[in-house]
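Input: a single structure, listed below in structure tokens.
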Protein chains: 2
Amino acid sequence: MDFKSWKHVFKLDPAKFIHDDDLARICQSGTDGIIVGGSDDVTAEGVVDLLMRIKKFNIAVVLEVSTVESVTPGYDYFFIPTVLNSTDTKWVKDIHHNAIKEFGDFIEWQQLIAEGYIILNPHCKAAKLTAANTLIDEEDVIAYARMAEHYFKLPILYIEYSGMYGDVHLVAAVKYELEYTQLFYGGGICNAQQAKEMAQFADTVVVGNIIYNDLAEAISTVKAVKDTV
Amino acid sequence: MDFKSWKHVFKLDPAKFIHDDDLARICQSGTDGIIVGGSDDVTAEGVVDLLMRIKKFNIAVVLEVSTVESVTPGYDYFFIPTVLNSTDTKWVKDIHHNAIKEFGDFIEWQQLIAEGYIILNPHCKAAKLTAANTLIDEEDVIAYARMAEHYFKLPILYIEYSGMYGDVHLVAAVKYELEYTQLFYGGGICNAQQAKEMAQFADTVVVGNIIYNDLAEAISTVKAVKDTV
């Protein structure tokens, strides 16, 4: 299934344990796809192991690449973030350049999808790691969205509040700017009501951490999103 | 005329004087377009004045934006560099973001064209200004080309040797990597022979400074490029 039609996806962290039964419920929940990705302790072993377990189900699976070392084949797509509000070229294009320099001969380019990230929770690990400037207002975020759509023509813009539920008015304002670039929202979705709220504006709602805290609530977000769309 | 079919263009510096007769010879030379752009003392007055004078001729004219303050309407396209080998996010995406934040409501987006720049002459002003890492080898440049074509999907990759004639083998190697991204070569072309050599590999050859030093030689590069293609 093409990621462009995704409304709801679950994001699984390869560094976190998930029981086979729980994974089956996630994969058979009616969600449109699984993103495998995390910031800490992501290893090739974890990434392969989770892939093999997800592959038993008939569902699209994407690796969101955080470290080049953890990349393994077999995924349907590889989502590669470029952090639009980072203050360090490393997270905008340098690690990308290094990875292409090292592995360019082996990359299936049509599987590589550029994700423009805007990281908005100042306290999350991703913001610190990427030296993201999170002290930005709505005008700044809208300008990033326009840059993503019109200048870099990125297929995906990902508003990331990692660990914190975001500003739905901001997500609405960003959606209003986008026509071709697909808007992902991720961060802090803990229940069906929040998933529903973000699904009014985001093209694709990403549900992550709640999987590990309350699986039933996590599963409930699938129907909430599908009913909203 | 669409820039995608350009084989030869002249680059005029709005801060440099050019006599009306010389400008007429440039515009009627058979070149495919005129790029207006420079690094020093670029003012809105200079950019408007040159535009008005070029507009008397039936030729495509593009503003390559170096400072937001100098942008004026009336150009066919606005080429906006993103310096792929810069070490400062300012020249990759920050000035772009600021300009979009300030002027986003007035931009005709379809006129905006992203140019991936690789600056390879360590002694040129552009390299110093943008803190470009010019200590890179062919593998690095090829990885930038692959990143431009496959990851950012940039319409233009511009190999810039500003003021110095470049490595034709490197330009050939980059061209070999590109299918969709249009390869511009600029820098140090002083005669028909050099223009011909770069035209074997670059999709578009840019001739600049020699205009101000030897107009007849500059004009001779048009036929040299057209005969090569």
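Cβ from N, Cα, C; glycine included.
Predicted automatically and left uncurated, TrEMBL annotations should be read as such.
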* From the candidates B:LYS7, B:LYS11, B:LYS16, give the one listed by TrEMBL for the same sn-glycerol 1-phosphate site as B:TYR158, B:ILE159, B:GLU160, B:TYR161, B:SER162, B:GLY163, B:GLY188, B:GLY208, B:ASN209. => B:LYS11
* Asked: For B:SER39 (Mg(2+) binding site), which residues in the same chain are close in space, meaning a Cβ under 8 Å from its Cβ, but six or more apart along the sequence?
  -> B:SER66, B:LYS125, B:ALA126, B:LEU129
* To do: Could you check which of these binding-site residues, B:ILE159, B:TYR161, B:GLY163, B:GLY208, sit within 10 Å of B:ASP13 (Mg(2+) binding site), going Cα to Cα?
  => B:GLY208
* Between any two of B:LYS11, B:TYR158, B:ILE159, B:GLU160, B:TYR161, B:SER162, B:GLY163, B:GLY188, B:GLY208, B:ASN209, the residues recorded as binding sn-glycerol 1-phosphate, what is the biggest Cα to Cα distance in Å? => 17
* Structure fact -> So B:TYR161 (sn-glycerol 1-phosphate binding site), by the Cβ count within 10 Å over all chains shown, scores 24
* If you count other Cβ atoms within 10 Å of each one's Cβ, which of the binding-site residues B:LYS11, B:ASP13, B:ILE159, B:GLY163, B:GLY208 has the most? -> B:ILE159
